[in-house]
């Protein structure tokens, strides 16, 4: 057994150095656990940060926005408003549709929210209209969250009604059952129905009314219990031909007798098989289609969900006729997988670059292998903990591991460098490992816990941003902690077995050249440091100027929230004049689709026209533009959007709003543009007064572009002003008037056809093809008290007015949402400040309130907490360092290096044209942890030299700087090269990764140069300060 010199205890590493087999098996267990954990980790774009969101949709065909608001939306809102945990409630009431979106607190489980919503709907049921075709339907999805998959079902030979029927019963239901699917919507509105189009003149000629026809149809088609006969020996179930199944049966239905002769429905109406709603349509690449949008449940694994759907599709399509084609138009997981693959490649590249820089400095293969093992072991071991914490493989956790590459190698480098120094002095490898590891153990612990302390404030960030970066911070902290364990166990053990004087002294021509170069650099640094120490006040002036510059740069740098990603999918809204009909919108979307599909970057296009809840009004259309993969097109998404808007701008009567879909969706409604700002009042009249003023003011701001609002109060309305006295004299009630109008113009669902597989509706309406517009009202006839018929014009006057197309509420009060984008020459911070200044200029009254929504609101919250977040990181690190060093002074010396990192990061972001968004801010916070490592390594050795060798503070810090120059340079370059692949990334998701890389590379470059000189000077300054305090207060003998 090798005899160890006195003092070679090895500290916490001793047991692991002396027991190599146990150490090896322990590390193998960590490696195996990480590999197994990796296989169980789900893949996602970002960590799960969705608010629990539930959407409640109620359809009431024919109802005006005002009726939908008062009769449907308001009763529901009153019940929903009593739910605990509700964060925000928004609603949109339009013609025939009410949509209430409920966003709950992040801490409320979605299942609990679902139970509360169901109870509220049940409580409101008695307050809703009795003739609602269907009760309110809720779904656990965020309507603003883009679908994870879009499929188009087309056929060249079959009617779309048959196609939808098959899709609904054979395909959509099966997809809905897939784990993780929150909602499958069918856009296209071609659900089969029997349509009864009354000939108003024929009905009037026979002395009948539409109400007579409706009553006859509803009475002829029933499906109710009829009982059974229970005899002494046999039981018999009663059935009857009370159901009519086809248009032919309805056509033969007798609705009245005229002079003893039967009047059949076919005599006064056109009865045909058609669509339930003829004012809905969807197109895929200009071909009529049924478009299936699949949305995930909040919290669901998007990759696993999409994979399950794709595995199911071949079996589902086999059940359809050959003429029916199912095409996957978009799959968000394609870009998610590509982004994760690119980040994984950057992670491997970072590992390779770090190992390369280690070899460049050590120029020794055994010495390079040791950290080459420590780095992947630390990263792979992290996967085991990630599984335990229910994390996922996503862009942020992979970015954390990529950055961790530069962090985790630092510990191994510090240990190897210190042990190698003793071996080169002639000590045996085992003794050198014990002595070097024991000497450096406290430094490793200081580095680790001070770095983790920087991440602690990230764990306590509130709301959506805190949820977003929790996985990032914990993953990085776990990797750093495992690295410290590996560096104090495996690394010294391998040094004791793999390093020797011969291996370290063995040099080739390249090694000798590198050694001479490093010696010259160290000598130059020594001369420069001596001059700096002789002129401390000049150096302190530079340090103070750096602090001031960092503050100035922080003030002037453009600020943003989250990078705009290129996911290859563009959401669009097509807006037309408020009086536009369905037919005119269908024609306009064809013109727009033709222009869009001509663009070389566009792969496919789906468009939708009509009111279905998701699309609020007839004068708007939804578009989804799917771009070719990034490597198959020349331009990124913003350039494509600009080109498409230019192409469509020449089409008269339309406005096209486009925005790229994002992985991070905070909004609760589909917006025309990226950012939203709301104006809320207690009454609609107050809104109508202030909306135009604020919109005009916002449109004049250069910091905003594409400003629009959802306020639409110029829709055409026919006001039926009934003379109640005349109507009462004739025995006609207002209910009779409403029913007659509803029967004629509401696409009224008057009866249900039940089959074994589905239910279909009977739709009643007037055939208005020959009498369009207000002239159709002249055909309405009502039954008087004596049984005769009276024209509507006899008791009512028709007035044409303007009316709102939709009525929006936020927390039960009327609201208007302004949508806007930010031009490239401005930042989101500029736009937010400009809006706030405009609001002050307008001097809005007290009953008018404004609020940013969605990502803009989150930006405000994040911006307000950023400074406090950085302060909290610094304070946390000070506390940890103070505890470790048992000193109030030395932590300040270490933290004095931080402004240099801020200056470098902010300058790099400005030069690169990047905003200071939350990704870049995280980079700056990480820099706080990295940069202070330089000071820790210097101060640790200086204190040891003063304590053990009796050196003066100046000699001690000078020697420490020269001895630690090489490991400082090595660790800084390792961290820099770990971030370099992120800065230079060009693939899918690069918008997310580049700000972090830019901030870290810039901060490391500047801080490396400055801290090597400022830290020794500040160390000596505080040493003098400490001596001064001791001389003035001699009773306090404790060391500061």
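Easy rule for this one: first residue shown is 1, then count along the chain.
Quick reminder: no glycine exception, Cβ is built from N, Cα and C everywhere.
Annotation comment: Swiss-Prot describes 15-37 (among others) as transmembrane segment. Counting residues 6+ beyond its ends, the transmembrane segment (15-37) has Cβ neighbours under 8 Å at 377, 379-388, 430, 433-434, 437, 482, 486, 488-490, 492-493, 496-497 in the same chain.
Swiss-Prot lists 345-362 (among others) with the feature transmembrane segment.
Sequence-distant contacts of the transmembrane segment (367-389) (same chain, six or more residues past either end, CB-CB distance under 8 Å): 27, 30-31, 33-38, 40-41, 347, 351, 354-355, 358-359, 397, 401, 404-405, 408-409, 411-413, 416, 420, 471, 474-475, 478-479, 482-483, 486-487, 490-491, 494-495, 498-499, 503-504. If you look up Swiss-Prot, you'll see 367-389 (among others) marked as transmembrane segment, on the strength of sequence analysis.
According to Swiss-Prot, the transmembrane segment annotation covers 396-418 (among others).
According to Swiss-Prot, the feature transmembrane segment maps to 438-460 (among others).
Sequence annotations record features per position, and here Swiss-Prot assigns transmembrane segment to 472-494 (among others) based on sequence analysis. Residues 10, 12-13, 16-17, 20, 23-24, 26-27, 30, 47, 369-371, 373-374, 377-379, 381-382, 385-386, 389, 391, 396-397, 399-401, 403-404, 407-412, 414-416, 419, 433-434, 436-437, 441, 444-445, 447-448, 451-452, 455, 458-459, 922, 926 of the same chain, all 6+ positions outside the transmembrane segment (472-494), place their C-beta atoms under 8 angstroms from a C-beta of that stretch.
Residues of the same chain lying 6 or more positions beyond the ends of the transmembrane segment (535-557) and with a Cβ under 8 Å from any Cβ of it are 896, 899-900, 902-903, 906-907, 909-910, 915-916, 1010, 1013-1014, 1017-1018, 1020-1021. Per Swiss-Prot, transmembrane segment is recorded for 535-557 (among others), and the stated evidence type is sequence analysis.
Using a Cβ-Cβ cut-off under 8 Å and counting only residues 6 or more beyond its ends in the same chain, the transmembrane segment (867-889) has close neighbours at 442, 445-446, 449-450, 453-458, 460-461, 895, 898, 921, 924-925, 928-929, 932, 936, 1022, 1025-1026, 1039-1040. According to Swiss-Prot, the transmembrane segment annotation covers 867-889 (among others).
The transmembrane segment annotation in Swiss-Prot covers 909-931 (among others). Away from its own ends, the transmembrane segment (909-931) comes close to residues 403, 406-407, 450-451, 453-455, 457-458, 465, 468-469, 472, 476, 553-554, 557-563, 827-829, 862, 866, 869-870, 873-874, 877, 897-898, 900-902, 972, 975, 979, 992, 994-1000, 1002-1004, 1007, 1011 of its chain (Cβ-Cβ under 8 Å, at least six residues beyond either end).
The transmembrane segment annotation in Swiss-Prot covers 968-990 (among others) and is backed by sequence analysis. Long-range neighbours of the transmembrane segment (968-990) within the same chain, counting only residues 6 or more positions beyond its ends whose Cβ lies under 8 Å from a Cβ of the stretch, are 335, 338-343, 345-347, 349-350, 353-354, 356-358, 361, 395, 399, 402-407, 409-410, 413-414, 417, 565-567, 630, 923, 930, 933-934, 937-938, 996-998, 1000-1001, 1004-1005, 1008, 1012.
Packing against the transmembrane segment (1000-1022) from elsewhere in the chain are residues 403, 525, 528-529, 532-533, 536, 539-540, 542-543, 546, 889-890, 892-894, 896-897, 900-909, 911, 923-924, 926-927, 930-931, 934-935, 938-939, 942, 953-954, 957-958, 961, 965, 968-969, 972, 975-976, 979-980, 982-983: each is 6 or more residues past its ends and has a CB under 8 Å from a CB in it. Summarising the annotation, Swiss-Prot assigns transmembrane segment to 1000-1022 (among others).
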